[in-house]
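J.: Quick one: structure below, then a few questions.
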Amino acid sequence: MADRASKEQLLTYAYLLLYIALSSGQIFFNKWVLSSKEINFPYPLGLTLLHMVFSSVLCYVLTRFFKVFKVEEGMTSEIYVRSVIPIGATFAMTLWLGNTAYLYISVAFAQMLKAIMPVAVFVLGVAAGLEIMSCRMLFIMSVISFGVLVASYGEININWIGVVYQMGGVVGEALRLIFMEILVKRKGLKLNPISVMYYVSPCSALCLLIPWIFLEKPKMDANPSWHFQPIVLILNSLCTFALNLSVFLVITHTSALTIRVAGVVKDWVVVLLSSLLFADTKLTLINLFGYGIAIAGVAAYNNHKLKKEVSKSNADQSRQEESIPMVTPETSDR
């Protein structure tokens, strides 16, 4: 029993390390592909569209032909229109704007700006009626915002166009998470990450195809200097799919909160490694100090969410126990 528990624990750590490695590597891979000094494919919309098409095809093949994964049942046309389409649209917005930001700002600074995510999620959650404003949460949000502000102040080569793109990606991701929570809480539909990819990826691809036709395709036709390297782009798309699969494995063996905590570790890995890998990344003490403050706020936010989830789980368990009738054994007279 002890050996089995230790093996499960080691397997969980392996999945976490896989997620951190794939997530960090995918960020560096995207930056490398988009950079004019490296692969020279400076079309983030086209790259994101390729990711979604690849994910759609691979999900269909794995679930329908090889049946490696099972797609959760319960999806209706009403749920798809009201929930999946908004999730697909906001997911497309997140990836498109986030990848575009890499053309203007460093990877490290982009990760620092992403630390504002809990603030965006909380504010939109309050507006949607999913979160409740409190003094404690207001303080945590203020700490995160202050940390990101300090980190931005310490940025040497700040580009406001890149900042706008990155913040747009943050808002898109926050909207996606809100729609996901609405899908689970109000619609009562629980989907594993593979099922989410199966339903969302085609919708995201369609949402990306329309702007790509009008915004990037004319540039690609007019500019013959860019390079299309099929093997590199297919590997990049495969890494994206593998990253989403690693999220599935981690959530299956731990919880969604573990992904958030691992994400904090991943962000620090990306920030520090990018200063060594990319010439456009120059970290300052003010950068690191501000980012440290923001991450402390994110840790407090994750702790708050953990307590909330534990409290909800205990309440649901107590409700289930109360709903079970007490059955007393019948006695017969002899």
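Backbone N, Cα and C define each Cβ position, glycine as well.
Per TrEMBL, the feature domain 'Sugar phosphate transporter' maps to 15-302. Taken from TrEMBL, the feature region 'Disordered' covers 310-334. If you look up TrEMBL, you'll see 12-29, 41-63, 84-105, 111-130, 137-154, 160-184, 196-215, 227-250, 257-279, 285-302 marked as transmembrane segment.
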J.: Between the transmembrane segment (227-250) and the stretches 12-29, 84-105, 137-154, 257-279, 285-302, work out which stretch tops the count of Cβ pairs under 8 Å.
T.: 12-29
J.: Where among 12-29, 41-63, 111-130, 257-279, 285-302 do we find the most Cβ pairs under 8 Å to the transmembrane segment (137-154)?
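T.: Against the transmembrane segment (137-154), the leading stretch is 285-302.
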J.: Given the cut-off of 8 Å on Cβ pairs that are 6 or more apart in sequence, determine whether the transmembrane segment (196-215) and the transmembrane segment (41-63) share at least 3 such pairs.
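T.: Stretch pair touches.
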J.: Is the transmembrane segment (285-302) packed against any residues at least 6 beyond its ends, judged by a Cβ distance under 8 Å, and which are they?
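T.: Answer is 108-109, 112, 115-116, 118, 122, 140-141, 143-144, 146-155, 257, 260-261, 264, 267-268, 271.
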J.: Which bits of the chain, at least 6 residues beyond where the transmembrane segment (111-130) starts or stops, bring a Cβ under 8 A of a Cβ in it?
T.: 27, 105, 137, 140-141, 144-145, 147-148, 151-152, 155, 163, 166-167, 170-171, 173-175, 177-178, 181-182, 185, 267, 270-271, 274, 287, 290-291, 294-295, 297-298, 301
J.: Looking only at the recorded stretches 12-29, 41-63, 84-105, 160-184, which one has the largest tally of CB-CB distances under 8 Å to the transmembrane segment (257-279)?
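T.: The stretch with the most contacts is 12-29.
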J.: May I ask for the residues of the chain that lie six or more residues beyond the transmembrane segment (41-63) and have a Cβ under 8 Å from a Cβ within it?
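T.: That would be 30, 33-35, 69-71, 92, 95-96, 99-100, 102-103, 194, 197-198, 201-202, 204-205, 208-209, 211-212, 215-217, 219-220, 226-229, 233-234, 236-238, 240-241, 244.
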